[in-house]
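Chemist: After the structure tokens below, expect a handful of questions from me.
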Amino acid sequence: ALSGMKERESEDTVRTVVSNLLYEHLKKKEQPNRQYKGNAVKTTKYTPWSFLIVNLWEQFHRVANIYFLGIVILNFIPVMNAFHPGVAIIPLCVILALTAIKDAWEDIRRFQTDRKLNNLPCLIYSRKTKSFEEKHWKDLHVGDFVKVLSNEVIPADILLLHTSDPNGVCHIETANLDGETNLKQRKVVPGFFNPVRNMPRHFRGAVVCEKPNSDLNHFKGYIEKDDQNKTGFGVESLLLRGSTARNTDESAGIVVYAGHETKSMLNNSGPRYKRSKLERMMNSDVILCVLLLFGLCLVGAIGHSIWLETFQSIPQYFIPDNNGQYTSSILAGFYMFFTMIILLQVLIPISLYVSIELVKMGQVFFITQDIDLYDEKQDTRIQCRSFNITEDLGQIQYVFSDKTGTLTENKMVFRRCSVRGTEFSHRTHCLLRPSFSNTETDVAPDQKLQQVLRGASLAEDESGYYLDFFLALAICNTVVVSKAPAHRRKVSVLAVLRPSNSKKQMTNDLPDVFSGEDMTNICTDQGVVTPNPGQTQKTQLGCLVHYESQSPDEAALVHAAKAYGFTLAERTPDQVAVRLPSGQMLSFQVLDILAFDAKRKRMSVLVRHPHSREIVMYTKGADSAIMDLLEQPLLEKQVKCNTQQQLDQYARDGLRTLCFAKRVFTYEYEDWSKKRQEAISAIDQREQLLMDTTVFLETKFTLLGATGIEDRLQENVPETIQALREAGIQVWVLTGDKPETAVNIAYSCKLLDHRDLLFTLNAHNKAMCNSTLNNHLEEVKRYGPPERSEEIGLVIDGRTLGLVMDEDLRSKFVELCKHCRSVLCCRVTPLQKSEVVKLVRDKLGVMTLSIGDGANDVNMIRAADVGVGISGQEGMQAVMASDFAISRFKHLSKLLLVHGHWCYNRLSNMIVYFFYKNLAYVNLLFCYQFFCGFSGTAMIDHWIMIFFNLFFTSAPPIMFGIMDKTLSAETLLCMPVLYKSGQHSEGYKRRTFWIAMLDAFYQSLVCFFIPYWTYQGSDIDIFTFGTPINTASFFTITLHLAIEIQSWTVVHWVIMLGSVLVYFIMTLVFSALCVSCNPPANPYWIMQQQMNDPVFYLVCILTVAVALLPRYIVHALRGTNAESLHLWARKVDRLAPPERQQWIREWKSLWHPSVSGQTGRPTPPLSSDPISLEPDSPFSDRRL
């Protein structure tokens, strides 16, 4: 066995695990599983000895820190330094120290978590004691046998070989891995279950499985016994690390993956990093600042060389080198270039990146605290899983949405069914629904169908098909039957199980059609309740069952069967039991389950009938996956035709449809079973072999019937979609449903309008698809450019979508979609969903958002610029893959229109302000170079220069980026058209950047030359001259921000006034204490002397007024010629709420005549369009 293991390992394609019991006496280096990692987990990055070196190495991988380090090194070179070397190193040391403290704190927390996890207890089998001994998780290794008790967390990935359950099953809860709280059933590897024999001691053979990977849903391998026989297994026999054992006293197995090689650890890749669109634009402007810095330094270097050439002789204050030689003017200019880089280093806004991170953390905090985004029913609030793309929420142009569970509730209601071409409606179901809490479990049986079932028998006649239909509903699924734990019981059952008088009152309140014996099969979420006064509460409680389903569809079908008396009573890996309406229990032997997949679009279960002993396959799936596989006798053709018509009607009514069929086998099964076992035991091409065996068997069906399940729209979905479209966002729906169902839902949620021109793309080949695209393109051109194509919709199915994804047709398809206001993609696979998102994102260069709730939406969510997951009925896979997680689709409107608008405008304005602030201050130092021979001298003390960015002007822009509001949430929600400003990047453009730069140049010139002209000819020293310049610049930069702030709060006032107080306190203290900080010109007592001089105040006031006058005038006159919609909205926003609502209604009636009863549908104006202010206009009121 060991030699065979080595041969297989050499192929490097599989992992071979043998039991450690036989080698327990050997040293660890000699054990056969020594090459595999242990179960101890280490997520820390540092050790006490390596922390300093490793942390500094990581920090100097950041460009910003390398930049700072370069500045420090230059400052230590005597011919280049501009500051005292000790002063220059302070900013770098502060940044490195703060980051190191943060990293150390995070690593300590990781170490504590690792230690706690590694020391958790577990039961490991020992050959010496012949029993399971309690050890720690860290002591576990691949090849050990482990026992897990009920409600314990599984310590490693374990291949299940034994359980205390007599059926050889174990139930696990994987909420820690994928967020799903429903129980999943795991079974012992076939042929290894023995409730009596000691499993570890009698285990013989080697486990051969795939290499460790992160796929939680797939696992393959086989156990090779000593006799070379192979027994295959799959993920249904794997207990995953991190999941919890439930409803099973004990389970045991062999460890196949441990520690960092387990699937759960391989999925812990840490948070994903995305770069926002605004950040990408900002980085290009940082490069411009670098070029500008080099330009200023080049001017300084050339100027210094020219200045040196103006001397006829060498001045006495020039100091020669050690050899008595003087530096040449060219070489001095070269040195001065680097000196100027040190002096003007602030022009590169390195601190901007730190400020942006702080601002985004603040924005995320306020988003998560929004009470309107809190779901009281689920007790969940919005989750922000990606902190660095909050501003992208304000620039979305395309939204790609799933349908089921995203636009709809994903709480299924069994509404209609057809059995052998005969349709049975359940319309009266809605009359009973308000009495119960869970819609998927509330089924009121159809009386006509009940009568048919009473006369049906298990014989092979027409009535037998009715029994087969409900048997298929009950057993063709993966629903787990379990005892309902106390914490899982619903309150609704208590409302039904009341004393006799309460039950009688409830029955009397129901319509007559539900009274009497027809009430005997009304189904609740806990079981079939029979509100007959003659029955006791004990009898009712005796039939309580609890269903654990991964899909609401399956739960609805099982409860529908239960409502008609076909109760799924028990399910094990080998059998499934159904109680018939007569009370008889049928126990079917389960031979195999052919699981659902997106390619086949169906699932099947093979069972042996307990009466006839025939092998029967029950199948359910989409009509397109069943109808083509039916047998073709004349009778079947008629049944097929009737059923297809009923399915189409169900789809037009917006119901989710499924077909049910069966097939009875004779001799074919035995040969097929052998091939199936070979496919299960295969490692290479296992999926393809399994698919081949599955497709081979699923043919020659007999149609049983069809079902129609209602999935109601979530609340406010039509209003949300309408608001998004008014905001200029194109909404696409990508669903796996039938086109008829999807179109019906699209009309219901106002994605499509009955007045729209609806194109349908449904082609069988590429030539036909190309022709259809050309015809549609010719037709849409008559409607004008894409921005005016307001009444065109497009529906395309998955087959045609696969054709248009060809390189030859992609451009035409995208061009057609540009003219459509809504696109509906039906019958699409998860892979096609992501391909559509990537196609639109890359071809049109637009900002995209994908929203979904299930595992089939994960690829689409990850492909978009912003991914939004909905925490719904299908687990948490979509949430775990998303950037933001919400509980309802309606929350998307406020997330985008309000928080997206705020975040984008705040951050874009703050970034522009940062560029302005740095250049305005740096240009002061550059202007002084013209009066000091470009010598790199500063008229402001170096400490004050450091304090200026570190303390004086750091807090206000951060507050500005977190709390400023251009408009209130109510106005933004009432006027979605305001969102378009973010789509067009109006808050941050290259033009905006250069205007800010020019304004900074102007203000810095004013702040320098007014004090210069005031003190010209006087004998003041350099720092006395620099103090009013620095003070005027501080007030100019601070009041510049005050002009930009749109909404003043107490926090704004506190921070702005606090910055002023900090400036004067720190400068006064520094001037008082700094006796010899910067000889020979020291700033001692200079600030105190200046504040005693009235000229100082006059200079500061005059300088600030002249510097800010142009910006103030522009703000005052903005909108006087042609007022933009955004400015008008700000004026309306200042009105009292009732008056504001009245004005908004008048605006909507003006730009949306359909609101006032007219039929026209003009487009709302863009934010740059003028608003009429004529006397007869409703917007000319002088109160604005």
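Glycine is treated like the rest: Cβ placed from N, Cα and C.
Keep in mind it's a predicted model, so treat the numbers as computed, not measured.
Taken from TrEMBL, the feature transmembrane segment covers 60-77, 83-101, 286-308, 328-354, 911-931, 943-963, 993-1013, 1025-1043, 1050-1075, 1095-1114. The feature active site, 4-aspartylphosphate intermediate is assigned by TrEMBL to ASP402. The ATP binding site annotation in TrEMBL covers ASP402, LYS403, THR404, GLU554, PHE596, LYS620, ARG656, THR735, GLY736, ASP737, ARG827, LYS833, ASN856, ASP857. Per TrEMBL, the feature region 'Disordered' maps to 1154-1184.
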Chemist: Report yes or no: does the transmembrane segment (60-77) come within contact of the transmembrane segment (328-354), defined as 3 or more CB pairs under 8 Å with a sequence separation of 6 or more?
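Modeler: Between the transmembrane segment (60-77) and the transmembrane segment (328-354), contact is present.
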Chemist: Near the Cβ of THR404 (ATP binding site), how many other Cβ atoms are there if near means within 10 Å?
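Modeler: By my count, 27.
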Chemist: At a Cβ cut-off of 8 Å, and with pairs 6 or more apart in sequence only, do we get at least 3 pairs between the transmembrane segment (1025-1043) and the transmembrane segment (286-308), yes or no?
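Modeler: No, these stretches are not in contact.
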Chemist: Across the listed ATP-binding residues, ASP402, LYS403, THR404, GLU554, PHE596, LYS620, ARG656, THR735, GLY736, ASP737, ARG827, LYS833, ASN856, ASP857, what is the farthest Cα to Cα distance, given in whole Å?
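Modeler: Farthest Cα pair among residues binding ATP: 24 Å.
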Chemist: Could you state the whole-number distance in Å separating the C-alpha atoms of ARG827 (ATP binding site) and ASP402 (active site, 4-aspartylphosphate intermediate)?
Modeler: 12
Chemist: Per 10 Å Cβ neighbour count, which of the recorded positions ASP402, PHE596, GLY736, ARG827, ASN856 ranks highest?
Modeler: ASP402
Chemist: Any chance the transmembrane segment (83-101) and the transmembrane segment (943-963) are in contact, meaning at least three CB pairs closer than 8 A with a sequence separation of 6+?
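Modeler: When sequence-distant Cβ pairs are counted, the transmembrane segment (943-963) touches the transmembrane segment (83-101), since at least 3 lie under 8 Å.
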Chemist: Could you give the Cα-Cα distance between the residue listed as 'active site, 4-aspartylphosphate intermediate' and GLY736 (ATP binding site), in whole Å?
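Modeler: GLY736 (ATP binding site) has its Cα 9 Å from the Cα of the residue listed as 'active site, 4-aspartylphosphate intermediate'.
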Chemist: Going through 286-308, 943-963, 993-1013, 1095-1114 one by one, which has the most CB pairs that fall under 8 Å from the transmembrane segment (1050-1075)?
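Modeler: The stretch I would name here is 943-963.
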